Amino acid sequence: MQWMSRFLYRPMDIQADIADHYFMEEALALAHKAYEEGEIPVGAIVVAKDRIIGRGYNQTERLNDVTAHAEMIAITAAADHLGSKYLTDCTLYVTLEPCVMCAGALYWTQVKRVVVGATDEKRGFSRIGQPLLHPKTKLITGIMAIESQQLLLKFFRELRT
């Protein structure tokens, strides 16, 4: 089915460390919360100095707000925590590749790293073919991609039945 190929697994770009897996598990727990609430199951966290300072999961349906993506909510929470709009020493963990809107917001935060679970061939920012993240931002993909992909596929299967 065409919609199933949207969430592709790609091997990790670099060897992930234990912390990346731990924090992606936290983001995946938030994706499960979104799933339970009938939202597209995407979760995101922002980490600074090995502490979670921002959490978010998709809430576009509940809030009737197209900008209420997991990344946007996590970014806002982290900025509030730090008292700064810049996240230069932070890492964003997100279960699905950010869309163009979220990538634009990440650009302006100057986040240090973005760690992605599943890629999104249909709506992910990488489909644009141009770098949308800040030049200093390091992108890591494929961390817990299979788990992220399975949750998304389950959600869309149930939605269509």
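Even glycines carry a Cβ here, placed using N, Cα and C.
Together with Cys99, Cys102, TrEMBL lists one candidate of His69, His134 for binding Zn(2+), that being His69. Mean pLDDT, taken over the domain 'CMP/dCMP-type deaminase' (18-128), works out to 95 on the 0 to 100 scale.
DSSP places the residues of the domain 'CMP/dCMP-type deaminase' (18-128) in helix, strand and coil in these numbers: 50 helix, 28 strand, 33 coil. Least packed by the Cβ count within 10 Å, out of the binding-site residues Cys99, Cys102, is Cys99.
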